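As recorded in Swiss-Prot:
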| type | residues | note |
| --- | --- | --- |
| BINDING | Cys13, Cys16, Cys35, Cys38 | Zn(2+) binding site |
| DOMAIN | 1-54 | domain 'ClpX-type ZB' |
Amino acid sequence: MARIGDGGDLLKCSFCGKSQKQVKKLIAGPGVYICDECIDLCNEIIEEELAESGEVKWEELPKPMEICQFLDNYVVGQAQAKKALAVAVYNHYKRIQAEATGAPSADSVELAKSNILLLGPTGCGKTHLAQTLARMLNVPFAIADATALTEAGYVGEDVENILLKLIQAADYDIKRAETGIIYIDEVDKIARKSENPSITRDVSGEGVQQALLKMLEGTVANVPPQGGRKHPHQEFIQIDTTNVLFICGGAFAGLDQIIEARTGHGGTGFGARLRAVSERSTDDTFSQVMPEDMLKFGLIPEFIGRLPVITNVRSLDRPALVQILTEPRNALVRQYQRLFELDGVELEFEQSALEAIADQAMLRGTGARGLRAIMEEVLLSVMYEVPSNPDAARVLINREVVLENVNPTIVPREFTSRRSRREREEKSA
């Protein structure tokens, strides 16, 4: 039997207007009513919003081999670094998954966090690897520059600003930010200036390492939402860094000499064999790194202990740079071909031109990061001319264009259509 309101009317849902007879259930509140259909609709909207917010679905956590295969689509080479990162990231989020689902452990073992230290020269993919990992897992990602950090109270950025970048990347969703990834670049620049502790304060070196310790290990940090220096009286945001994965990267110039001195491969002493520069490989040397080498380099023991996973990225040779130009999904050649395609022009690179671009990047010592700058230089004149040339159909880049700065070959549209017509006739014959 339907209940009657004070005015004698049937009770209705305050949202959809359906009466009590038209729905299965009508729930009363202070002066309002909501039906079961509206409740179901609200649940659907909430689930959709949660899905769009990009929370990690722990039951779908990719396995290390799947992570490696995904990285292969975007990053060329670096097989060992990919393997180490895939395992470390998988174990990190598996640990969070176990805590989130409350999975019981037989002996109640508490799983510790394993942050990562990436060694390797500039332009070899350290930052790109971390960015690609975060994109695959759909977690917030922030990049911080260690060279700008100083101890609290000194001119420069506080270490808490790193967490502010992560919170901003998560659209101020603290729960989501607490499972994000932070990449701290140029971490070798915060090494203390000498191996022995100094009586003078090292505010941008050892002082920063000390300030980062609790954050790396896991603590509830107070983060000023507008930056702590200019707005000292603002309310702080609290964020727990226990489940934030930290990846630290740096070139560590000079570390190879420390490792060689320890392993006996250096050239010191009367009986030592002097190795030619061509025999030495920084990549092979970095693969033998030990915590004691990092200590001699200038990192404090507590900081090294909070980065248990140490791996290195290898220098990029000529074939690897050519692969970077052409093979990844967002390869540079594909990007520029797409730009020309928007103007209705086909862009074509000869193999010799790609090799010349790779050689130039190696000469400059900028690695993969320098490839775009070289491409811009090579294509500047043609990118200036082609949009105003309606007759241009195809642009051909060869070795001479790259090395001798000659103008590329622009094939007119009439010639291209005539050639394609001839090819069609040959096929039909």
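Cβ atoms are placed via backbone N, Cα and C, with glycine included.
Within the model, the domain 'ClpX-type ZB' (1-54) carries an average pLDDT of 77. The Cβ of Cys13 (Zn(2+) binding site) has Ser19, Val23, Leu26, Tyr33, Ile34, Cys35, Glu37, Cys38 as same-chain neighbours under 8 Å, each 6 or more residues away in sequence. Sequence-distant neighbours of Cys16 (Zn(2+) binding site) (same chain, 6+ residues apart, CB-CB distance under 8 A): Cys35, Glu37, Cys38. The Zn(2+) site, placed at the center of the C-beta atoms of Cys13, Cys16, Cys35, Cys38, has further neighbours from the same chain whose C-beta lies within 8 angstroms: Ser14, Phe15, Gly17, Lys18, Val23, Leu26, Tyr33, Ile34, Asp36, Glu37, Ile39.
Secondary structure from DSSP puts Cys16 (Zn(2+) binding site) in coil.
Take the binding-site residues Cys35, Cys38: by the count of other Cβ atoms within 10 Å of each Cβ, the lowest one is Cys38.
Under the DSSP three-state reduction, Cys35 (Zn(2+) binding site) is assigned to strand.
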